[in-house]
């Protein structure tokens with residue numbers, strides 16, 4: 001990955017597939033100042049433990065921002081041409097949107113992200129869970145999530161390059177090259 | 001994809017992964033008269049909405065057939081050497097079979113499809129959901145579905161070329177080339 | 001695959017994706033004496049039927065060992081420089097560990113496997129289910145399984161070459177070449 005060209009990187013993958021590690025490795029190697037945008041809401045001990053585990057693996061000098069919902073406006077506020085923003089992850093952001101918001105807001109936030117991508121200064125690395133390759137469990141919210149996540153990934157994949165699917169810590173390049 | 005050679009195309013993919021769009025794009029570019037074979041049963045409003053959404057994206061001049069169960073005989077009745085049939089999707093067909101039919105019928109219909117494929121005139125594009133890469137939820141019918149779908153995909157993949165897995169709207173060629 | 005070089009092969013894949021068939025084909029073609037290490041516990045009729053189905057497809061002269069938990073020590077006891085051991089599968093082994101054992105034992109067994117891999121004589125083929133690419137169902141044990149399986153696959157993938165993901169009976173090479 002060239003460190004000079006503003007890029008949009010989309011890293012998909014399953015549970016514990018090495019998505020975050022891949023993203024963080026890329027960010028470290030970019031030689032750019034990194035802003036880490038965490039979308040998680042800490043709502044129970046399990047989530048707290050997962051977040052602590054992730055945090056311990058990241059460089060201490062990275063700037064960390066927490067924003068569970070207003071992703072596009074937060075990206076716009078923190079982007080600059082020499083910088084790199086790592087968003088981990090879109091899945092939690094989309095879940096937060098679906099739980100909290102009216103349907104119009106869900107669509108508006110996603111549209112805002114998609115509209116922002118082509119013009120945002122600097123490098124952006126987006127991490128998201130691929131959840132569409134299993135049986136979809138019962139429940140209207142789960143089906144809505146799967147539909148929204150699938151559509152969002154398709155739309156983002158047209159705007160990003162490279163696009164990766166992580167399996168067992170190894171990248172499958174869906175778009176672009178290694 | 002050459003427009004001259006009869007082909008068997010198998011397009012797998014997750015929920016909202018762009019399977020149908022990929023299949024429809026191929027059908028449009030084939031310059032062949034297209035028969036669209038829909039296997040869905042419209043049984044509730046959600047299904048009706050999904051089908052309307054898909055229908056709005058397809059050319060109006062395509063011939064549309066609806067057949068939820070008798071796939072092989074319907075293919076045989078509508079195939080011709082210059083034509084292209086797009087089946088969307090095998091997942092709903094298999095679900096219909098498993099819900100409605102005795103086990104012998106389920107096997108007979110699948111065997112009939114597999115026996116027909118090598119000799120069916122014209123081009124055939126098969127769309128199916130990949131559902132085997134997550135945790136299999138509890139329930140005997142779900143496990144039977146996953147087993148049947150996995151075996152069917154394996155058997156079809158030996159008869160089809162190319163075979164694709166769609167992820168985020170992007171094709172991974174499992175067999176054949178882009 | 002060269003038959004001369006000791007190898008570590010990791011074959012991942014979904015339900016009925018052709019993982020075992022791929023592993024068994026490789027073992028047959030290796031011209032090495034094969035030890036088949038089965039991790040399944042036969043606890044109900046469905047499991048018995050699945051195992052019989054698998055067994056019928058394997059050469060009768062393969063040595064078969066059944067070991068649900070103590071994988072590393074069993075591998076060490078049966079490995080030799082000219083031989084090939086096929087482990088089918090890590091998913092059942094990990095499930096057995098999680099159901100039966102205290103957390104320390106779960107970690108100890110996994111650590112023992114990872115420590116053994118670089119020095120084990122002969123060829124080793126490991127088969128495991130990829131279960132992380134769908135929605136993770138509710139339930140603390142299921143989430144723990146997904147986490148453990150994902151981490152284990154990542155760790156194994158750094159030690160194995162080639163690493164494959166099977167889809168519809170077709171291999172995607174995540175590492176190494178066909």
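Glycine is treated like the rest: Cβ placed from N, Cα and C.
Record features (TrEMBL):
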ACT_SITE  C:54  active site, GMP-histidine intermediate
BINDING   C:13-20, C:38-40, C:55-58, C:66, C:88  GTP binding site
Next on the checklist: Using a 10 Å radius around each Cβ and all protein chains in view, which of these recorded positions has the most neighbours: C:16, C:54?
Outcome noted: C:16
Checklist outcome for this item: The correct subset of the recorded positions C:16, C:19, C:39, C:54, C:56, C:66 with a Cβ closer than 8 Å to some chain B Cβ is C:16
Checklist entry - What kind of secondary structure is residue C:66 (GTP binding site) part of, going by DSSP in three states? => result strand
Item to check | Euclidean distance between Cα atoms of residue C:54 (active site, GMP-histidine intermediate) and residue C:13 (GTP binding site), Å | outcome: 16
Next on the checklist: Let me make sure I understand the structure: which of the binding-site residues listed (C:19, C:56) has the fewest other Cβ atoms within 10 A of its Cβ?
Outcome noted: C:56
Item to check | Subset of binding-site residues C:13, C:16, C:39, C:66 within reach of chain A (CB-CB under 8 A) | outcome: none
Item to check | Surrounding CB atoms that lie within 10 Å of the CB of residue C:66 (GTP binding site), all protein chains | outcome: 13
Checklist entry - At the level of the C-alpha atoms, what whole-angstrom distance separates residue C:39 (GTP binding site) and residue C:54 (active site, GMP-histidine intermediate)? => result 13
Item to check | Where residue C:16 (GTP binding site) sits in the secondary structure, as DSSP reduces it to three classes | outcome: coil
Checklist entry - Cα distance, the residue listed as 'active site, GMP-histidine intermediate' to residue C:16 (GTP binding site), nearest Å? => result 11
Checklist outcome for this item: Across every protein chain in view, the count of C-beta atoms other than its own within 10 A of the C-beta of residue C:39 (GTP binding site) is 23
Item to check | Rounded Cα-Cα span from residue C:54 (active site, GMP-histidine intermediate) to residue C:19 (GTP binding site), Å | outcome: 11
Checklist entry - At the Cα level, what's the spacing in Å between the residue listed as 'active site, GMP-histidine intermediate' and residue C:66 (GTP binding site), rounded? => result 14
